[in-house]
Amino acid sequence: MDIYSKSNTNIGKNRRYQVPDSSTDKSPQEHAPDATDGAVTTSTQTELELDDCVKLCEEGGLTPSPIDDYDDKKDDDSSNNKRHELQSLRRRSSISDYTKRCLPEDTFSFLIYASVRSRSFFLAAFVFLLQIAILVILALDIFDLSNAKNPMSFPPNVEFPVRISEVLAIVIAIITQEDIRKAVNMLRDGFDQNLPKKFKGAAFAKWALSIALRASEGLLGLFVTFLLIMRSSSVLDLLLNFLAVEFVTMLDDVVFALISEGFLGRLLKKEAAKLSNTFYHVSHRSVDSRAALIVTVAYFVVLFAAFFAGWGIIFRKQERGEYLCDQIFAQFGDEVVPMLGTFTGLFRRQTHNFDDRLVGRRSVYKSVYNNTIDVQDGGALLAYCHAEMRWTLSLTEDNVTKPCTWLAASSESVDFDVLTTANSQWVVNTAQKRTVPLAQHFLACHDCTGKNMCKPYGNCTKQGTCECNSGYYGLRCEYPEPCERLEIDPRDEGFVKTGGSLFATKYYRLGGAETYHHPVYTSLGGNETLDDKTDILLFTGVRWILSSKYLFPGMKDVNDASELARNLSQFHGHFTDYSASYVSEPVHIDSPVDATASPLRKRWRYSTSDSEDLRLQPDLNKDFIEASLFCAECNNTTNPCSYEAVCLPDGTCSDCPNNSSGTMCQIPPTSNGQCNKYFNNIHFDFDGGDCCDNTCRSTRENICGKADGGYIDKGYPWCKGAANQWQLSGDPVYGVSSASRSGRAVALSGKGTILAVADPGVSIFRLFDKDGSEWIQRGQSIQGPLESDFGLAISLSDESLDITRSPLSSPTVTLVVGAPSLKDQGRGLVRVFKCSTFGCMQRGYDIEGDGSFGTSVSITKDGNNIAIGGAGSTDGKEVKVFTWSNNDWQQKGIVEIDRRVHSDPLHRYMQQGYYVSLSGDYLAVGELKSRKTVASGAVSMRLITHVYKWDEDKWVELDSIRKNFYFDESFRDQWPLKSVVIKGNTLAIGSKSSVDVYSWSEILSKWITREIELVPSDVNGLVGWSVDLSEDASVLAVGTSVENAQPTDESIHMYQWNGTHYRALFNGVPAGPAASVSLSSDGKAVAVGLPFDTWKGGSTRVYSFHPSSPCDDPSEIPLRISFITDASPEETSWELRVDSQIKWSNGPLSVYTTYVEEMCISATSCAKFIVDDSKGDGVSLWTNTGNSSTHIFRFAQEFRL
């Protein structure tokens, strides 16, 4: 008889189970299993929890008898059937032949018996697919197929605590992996024929499917767990990775628990109860057989063997450094230690001798020259100094490695890869034994494997080097083919030798010679012979030098060019005996100065000394010399002839047009006393002043500002010459209160007639119109959210109506305003306003974002596209672009920015903000990162500028530019105000210590620098605090930050592009602490915001460009009249009337001539010029034949001026 103890408790809670009493002597028949429900009779009952029952049931040691309503009803309805089956079973076998089993309590068990269309089957399949999808995503994220050497990104090596943790984690992962263990147990037990009787719908195919899916999910989870364990570089990372995957593999158990508790519905809860409370029988022949034992043992043996074999392989590779780069390119700045740059080049990882290749379990890199290890005594190496816990650059002494006797060293680091220090600070020791930061260093992997570093202009060879396509050159094929001929610009004074003679003015590439992977140039032309006076141009790692053969003692006996090439190919900037006469400015790799492999357009200084340690030290007490080299070989892509000259097939330029001269027709005919119409524009200072009133004197042959013959005005009768200046335009605009910080952000409209001023201290902005000499506020002040820094960033579109402003109509503009600090919300917002005649109305809804959203904003000229930058966004999208569509702002694409921050326990890294600038299809994003040294608290900043171009439906990144700069944390309002601005394909970057301008070359696919001749007062100041460009990038405004500024200081300057470089556009304007600038589209007006002006909480001033006037009275304007007679001058006379008074008269005349008269008249006067022809045939121009004429005018003619 089946005996059940009744209970009304919930399923899965206090269920009671019957446990056989080992002391009770019963016959085997009394213990025979019932094939229907699994209940048996015992003499002693013990209550156990269900979880314990299931566990013991799976192990075959318990005869469970769950008592609940579900099974009681079933027992009452089928007692006769159970007795019949029990008797049948007793006849077939004894109890010793069977062990009872429960199906595992997870969603995979539903797959064994549930209908394919049932909820439980669908849920089980969904959970499996979800687990697999998560694990596959994790696996795909781990694999990096572009890295052939280390596709799973294992760390180069780990410390011993991490290594021990790896072993423990692998053991725990295998032991605790339940899904594989359950699959093995079910496979060991086999498919029992009674299972379909217990679970309607159970079938062998479903049973096999359940095992296969359970095992595959478990194996994939274990594999991903192993990968994440081995990818971890710290114990904490390892633990987090392990727990994350463990949770994923337990989803099937978690979902089943939720089903059992009724969270997913009553029907599923009933299914879970049925699965938990039903058991079946398994023959001991399956459970206790030798095959079952082998399966169980093999399970653990195979897994442990496989995973520890993988661990051993990875361990061996890490200890041997096989996950590191085999070659590293390194360059160190020489500003502090002059010879440090000579160790620029490739460093190769040592693999032959264990003692040589490892220091502190970290690989050693030795310098490479001519594709072999540098075997010279004192060769350079990159190694780890364990005593100081830092990577170092040092020299070997007598083939002994001494990394702690270093030339340069990284910040303290425990990393096994020297490349991790590429973004951290390095230091050097000065001659005074002081340790100071290294201003510049560069470290990068140079393995030519996987992702081809030579592309798009070359391919990797089997030797791991780049084979460049035709027309390209360099270690990475990064340069165009070097120029074959160089010349010194004849306008420069040239290089002077000791004794007063000059270096050569022409240089030719020396075939077969390279130094530091750059070409060598000499003064040897086609017919010249090698002698001691032969001049040599070569690269020394960071700087180019100009020297002569006699300054290389080791080449005294070299007599021909081929031998010279062989000797120079062995040149080393530190070990070779030589002296330099001139050294160039530093050429830092991948900087704009590094645009070509030749020394083009570099600036040069005298060398300080001939001593070994100082021979590359420039003489900073002297200015750069007036000499620069240009490529004297033309082509139609990278080096065309100047001023519309034609490049001929032999690389020379045709006859120079427009009176230009020089090898490349690069010399304009400026400042020669003749006004040349081709150069009569602002870029050439109006033909060097030849076409300007204050510098040009009109003659009969050449009339200032007029075309040949004097009749046609060339557009610049009043040229803006060198005596012109920037003057204050209107009264200053002050803050509304002492807390305003007015001028923190300013914006000027395209025509310079509308001014937007923000007062973020009180969260308002105001709009002003220019009315004569005054700025008149338009409408009311616009109030933003209080204490939100509303107005910290603003941007203004161009005027939408090209009309003259009157009291009744004003041009419409669109203004975008950022409020990055909403009080107590950790969020920011941006509002856009459309401002017409009487004020501003919000356009669209608020645009909100996490963190400091709205720190920087930018709007296009038409006002229909805006860009917004901030920091601290939870979705990782700190920069967003919106376009006006369907009466609201819609996001325009996604701007992807690499937000990875280097992990370094000695420093704290943080994204501080994003500066944005939007111009047409171009978007510039300045990413500002800070790094704080934990020990000293010193802070350094890096500005990384990303540039994107809109390509149909997405933003495509063109390139990025990195700049470092440092500051004192005590300075007010630390962050620069407007550090990045782009206008078309021209980009300006200010970094609080310098300003740089670049133009994007579509041909070279890289940024080309635009040189700037900074005003001396800007060279050492905090320039670049705020920058702006005119719409065509011809005018650059450079804002500075000056403490204790004086009213007479000219600390903000405008620079004008003249075709080759930016130079100061006349006088500067006053500034102060944290000055912001905004240029009009034409560059003729600039707004300067001074938020820390001590009076009235900040101020804003507008300056406009005013040509100088020859008139002493400021109320007068200059007037010039020029007139040419015809062939009958005796017939012609004229007079000038000003306010009806005759100011000038002349004629009739006796000779054909040109007459010019200049005078000053009141700006409000009415001037009339009257020409009279006494004969009545008018002033005529005769043709060459002399038979006909064209009349300019007949009889008397009046001209109102």
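Indices start at 1 and increase along the chain as displayed.
Cβ atoms here come from the backbone N, Cα and C positions, even for glycine.
The structure displayed is predicted, hence computed values, not measured ones.
Take the candidates Cys460, Cys468; TrEMBL pairs Cys477 in a disulfide bond with Cys468. Taking pairs at least six residues apart, the transmembrane segment (121-140) and the transmembrane segment (291-314) share fewer than three Cβ pairs below 8 Å and do not count as touching. According to DSSP, the domain 'EGF-like' (446-478) comprises 0 helix, 8 strand, 25 coil.
Through the fold, the transmembrane segment (291-314) approaches residues 154, 166-167, 170-171, 174, 177, 180-181, 184, 187-189, 222, 226, 230 of its own chain, all at least 6 residues removed from its boundaries and within a Cβ separation under 8 Å. Across all of the domain 'EGF-like' (446-478), the predicted model scores a mean pLDDT of 81. Other Cβ atoms within 10 Å of the Cβ of Cys468 (disulfide bond) number 19 in total over all chains. Neighbour list (Cys477 (disulfide bond), Cβ cut-off 8 Å, at least 6 residues apart, same chain): Cys454, Tyr457, Gly458, Cys466, Cys468, Asn469.
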